[in-house]
Amino acid sequence: MATDLEDIVEHMRRFAWPDYLVFVSMLMLCILIGVYFGFVQRKPNTESEYLMGGRTMMVFPIALSLIASFISGITLLGLPTEVYSFGIQYVYVALGVTLMGFVMGFIYLPVFHKLNITSTYEYLETRFDRRLRMFGSIMFTIMNIGYLPIVIYVPALAFNQVTGVNIHVITPIVCIVCVFYTCVGGLKAVVWTDVVQTFSMFGALVLVAVKGTIDLGGSDVVFRSAWNTGRLERPNFDINPTTRHTFWSQLIGGFVYWLQTNAVSQNMIQRYLSLPSVAAGRRALWIFVFGVCLLMSLCSYCGLLIYATYQNCDPLTTKLARAKDQLLPLFVMDILRDLPGLPGLFVAGVFSAALSSLSTCLNSMSAVILEDFVKPFVHKPLSQRTINWIMRSVVVGVGALCAALVFVVEKMGTVLQLTMSLEAITNGPLLGTFTIGILIPWVESRSALTGGIFGVIFMSWLSLKAQYWVATGTIVFPHKPMSVDGCTYEFDRSLANATSTSVYTTDDIFPLFRVSYMWYTFLGAAVTILVSLLCSVLIYGRQDPKTVSPDLMAGFVRRYIHGPDVPTVQGNARVVVLTPNAYGKNGKTSHESAL
């Protein structure tokens, strides 16, 4: 006898007391780690200790923190849905991630590590001027405030799917926990909670993959159903940039996206700079690359597993999963609901991903606000008490703001593509600006600033307009085959035949708006660099590369401009901004040993 859809939903919401116990235990463990580093481990309560861990952190915990920081609930829930709906073409982005490891390790990381800075955007003032530093800091702040509510919202969706608890009840609770241990324990608490949370993420995914595979009768069943429906596919070598995912968009576009996120973003660079040497940073980088690729593979397999389970009754069409990013939680409750404690372990894993990303961003925001928005505008040194008050106030304030913005995010649709599209507004121009500084020494500050502003305007126009056409249903991405023929419960059959009500078709849209979102960061960086070069040639003139400090360039550029024997800063020396004639006519740098 057919069952009503609502009965099925309620039947799957069996989040029992052992599940709540596991979930609450994860939150309590995070609080205890914060208490330990804030009150038990007696370390000097200094800015360096709070933001950089004293620059003496160990490689493995930092590497796990990098993985946890980048892999948020957006990836844990969004990637399985992506593979379920569109196949594994996205997963070839692992090639771009690997390429990023080489480029970052040998070009970007040595420059930042040598300067011994706290805020990544200090580099922009040292290389150009204060206007570029403010530009970078403002872009970072805007991006983080837009990104963090999505990070919080996604695991709240999972919790709502398995418990029925309203997302606006759970998000403030999780934010309070995260703000507490980030405020109290600083970077060390963030890193060590990330270590715990990384194991929780991996454990949750392995648990789901193993149990689901056993229920289906083996992995061969999973791969066979995926192959028969085109989800398990070879790379698509189509050169058309409007194709959603191709080998080239994943390799080149993915490489540029991950390079910006990992190589010049304060969220990630702050962790690399907490390590004592460049060699340690490179080791952490490659552990990060391997861990991210492994985690993405697990998420992708879970997507194929979900399809093999629901191939005859698509829960997205029937609205058994009310939002696309509730698909994995639905699957978890379906296969684990009779095993008390295991659904709680999964939800703890998803929230671990969110907490790690949130705490990382909050800690980085406190560094940027202090270093870029406060210190440059005060006329006398701040007391340690004032610095501590500012850093912790930023964590509390930004955490509260992001929890409030969840009300906006819940109206915005599928998170994986949305996040990458909106991030590109600031990410592309920022990567372009840093790349100009490190690789193109004949571009001066006015040209770089013009290029950056033009890049932000261009990407805002492109990304927001494209997302508008996606939201109205005009730009539609064809899914892999879905079926509801085997459903054993009643649902609204008209939903299976629903179509867009837009008066336009995809072909009516200007081709630029149909370019794959995977190219957005690449486009933003390319436009920024191109406009900066044109300004240097046509308007402001070229800068003499020899007036730029060698330490601000990539190694091969430095050798080309200054020759192989130019001295560079060693050890803990720090590049500082001096007067306009200290290094060259544009206010470049000199070297000063750190005390």
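Heads up, the Cβ atoms here are built off N, Cα and C, so glycines get one too.
The transmembrane segment annotation in TrEMBL covers 20-39, 59-79, 91-111, 132-159, 165-184, 285-310, 345-369, 389-409, 415-440, 447-464, 517-540.
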Ranked first among 20-39, 91-111, 132-159, 165-184, 517-540 for CB pairs under 8 angstroms with the transmembrane segment (345-369): 132-159
Closest-packing stretch to the transmembrane segment (447-464), where packing means Cβ pairs under 8 Å, from 91-111, 132-159, 165-184, 389-409, 517-540: 517-540
Top partner of the transmembrane segment (165-184) among 20-39, 59-79, 91-111, 132-159 - counted as Cβ pairs under 8 Å: 20-39
Segment proximity, the transmembrane segment (20-39) to the transmembrane segment (132-159), 3 or more C-beta pairs under 8 Å: no
Contacting positions for the transmembrane segment (517-540) when only residues 6+ beyond its ends and CB under 8 Å are counted: 93, 241, 244-245, 249-250, 252-254, 256-257, 260, 417, 420-421, 423-425, 427-429, 431-433, 435-436, 440, 442-444, 446-448, 450-452, 454-456, 458-459, 462-463, 466
Intrachain residues whose Cβ lies under 8 Å of the transmembrane segment (91-111), provided they are six or more past its termini: 83, 123, 235, 245, 247, 250-259, 262-264, 272, 278, 281-282, 285-286, 288-289, 292-293, 296-297, 300, 434, 438-439, 518, 551-555
Beyond the flanks of the transmembrane segment (59-79) by 6 or more, those residues with Cβ under 8 Å of it: 90, 150-151, 154-155, 157-158, 190-192, 194-195, 197-198, 201, 204-205, 261-262, 267-268, 271-272, 274-275, 280, 283-285, 287-288, 291-292, 295-296, 299-300, 303, 325-329, 349-354, 356-357, 360, 414-416, 419
